[in-house]
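Per TrEMBL, the features are as follows:
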type	residues	note
ACT_SITE	Glu248	active site, nucleophile
BINDING	Tyr71, Asp156, Val157, Asp158	UDP-N-acetyl-alpha-D-galactosamine binding site
BINDING	Asp156, Asp158	Mn(2+) binding site
Amino acid sequence: MQYTEKRMGGTRLRLAHNQPSVVGSDGKVITVTPWLAPIVWEGTFDPTLIDSIYKQQNITIATTVFALGKYTQFLKDFLESAEQNYFVGFCVHYYLFTDQPQQVPKLKLGEGHQLTVVEVPSSNRWQEITLRRMERLEKLIESRLINEADYVFSLDVDTKFYGRWGTESLGRLIGVIHPGYYQTPREQFPYERRPESQAFIPRAEGDYYYGGAVIGGLVKDVYEVAKTCRKQLDIDAAKSIEAAWQEESHLNKYFLYNKPSKVLSPEYLWQDLKARTNEVKIIRFSQVIKNYAAVRPNP
Ligand SMILES: CC(=O)N[C@H]1[C@@H](OP(=O)(O)OP(=O)(O)OC[C@H]2O[C@@H](n3ccc(=O)[nH]c3=O)[C@H](O)[C@@H]2O)O[C@H](CO)[C@H](O)[C@@H]1O
Ligand SMILES: [Mn+2]
């Protein structure tokens with residue numbers, strides 16, 4: 001089926017494709033995207049084998065985490081649970097952005113793991129904090145990660161690890177399927193729907209709804225994500241438009257045209273308040289329950 005779409009004065013012919021499923025009608029999980037990227041679920045990989053491949057490569061995985069304002073309270077559980085589950089046995093370098101370095105818990109990290117605190121100014125709008133992560137990630141990659149790491153993940157801090165998150169998650173460009181929308185028709189995805197925004201996605205388009213809590217991949221590929229989203233956020237800001245879900249909306253737009261080379265299933269981004277479903281055999285990383293009014297600087 002074809003449809004035409006008017007854009008920038010010209011007519012662009014696009015082939016419409018069906019929305020890809022995440023769980024089949026038989027209840028079994030789908031393990032490959034229609035563009036042939038793996039979707040990582042428990043049972044699709046052998047952890048021992050996949051670790052042995054990356055062991056030979058002596059890789060470093062940079063991990064950026066932001067904890068500003070009251071979100072420093074999440075650091076202890078985040079870091080402690082990461083040390084139990086996140087790339088155990090591999091070189092991990094956390095870059096922790098905070099406005100309160102004195103609130104960073106002192107932890108003994110596992111072998112090969114290190115943590116650098118980066119002090120940043122406070123902000124009184126949570127939306128500003130989350131969307132500015134793109135710019136800070138872009139700058140960090142330019143100034144340091146280009147020389148210091150092979151892969152990078154950007155992760156939300158209001159989270160906990162409950163299971164292995166390891167080398168199976170590595171690849172050129174990585175996105176995670178948001179746990180709230182993997183069985184939702186795409187026209188109901190909370191994409192940005194105003195054409196004035198750079199994050200705009202029409203109702204008939206979209207593959208998955210990706211969570212903004214996880215972005216990963218090779219340093220140079222994540223650099224392109226961060227730089228592009230930062231530029232798009234700047235264009236919107238100049239027009240006083242803020243996308244529905246800030247940088248998450250821009251990330252979804254980026255992934256629509258630059259498909260991830262590997263997709264992490266909702267095992268890699270669950271929500272503590274969401275009951276486990278049949279298809280999810282293990283919860284690896286999950287958003288903790290938070291009282292929004294109590295932890296955010298503004299409504
Ligand atoms: C599960 C998921 O995909 N979450 C996304 C979602 O809501 P969330 O409700 O998960 O957003 P959130 O409040 O956790 O903010 C995202 C992150 O910004 C940081 N932060 C935020 C507020 C603050 O006062 N201090 C602070 O440090 C912190 O690292 C936090 O984890 O939408 C946001 C965009 O608006 C982000 O894309 C989140 O990644
Ligand atoms: Mn969060």
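Keep in mind that glycine also has a Cβ here, set from the backbone N, Cα and C atoms.
Known features from TrEMBL, placed on the structure.
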residue: Tyr71; record: UDP-N-acetyl-alpha-D-galactosamine binding site; Cβ within 10 Å: 24
residue: Asp156; record: UDP-N-acetyl-alpha-D-galactosamine binding site; Cβ within 10 Å: 20
residue: Val157; record: UDP-N-acetyl-alpha-D-galactosamine binding site; Cβ within 10 Å: 21
residue: Asp158; record: UDP-N-acetyl-alpha-D-galactosamine binding site; Cβ within 10 Å: 18
residue: Glu248; record: active site, nucleophile; Cβ within 10 Å: 24
Inset, instruction - Under 6 Å from ligand 2 by C-beta, which of these recorded positions make it: Tyr71, Val157, Glu248? Sequence order, please. - result: none
Legend entry - Inter-residue Cα distance where the pair is the residue listed as 'active site, nucleophile' and Tyr71 (UDP-N-acetyl-alpha-D-galactosamine binding site), in Å: 19
Legend entry - Among Tyr71, Asp156, Val157, Asp158, the record's UDP-N-acetyl-alpha-D-galactosamine binders - longest CA distance, Å: 10
Legend entry - Residues close to UDP-N-acetyl-alpha-D-galactosamine site centre defined by Tyr71, Asp156, Val157, Asp158, Cβ within 8 Å: Val65, Phe66, Ala67, Phe74, Phe78, Thr159
Inset, instruction - Measuring CA to CA, name the entry from the binding-site residues Asp156, Val157, Asp158 that ends up nearest the residue listed as 'active site, nucleophile'. - result: Asp156
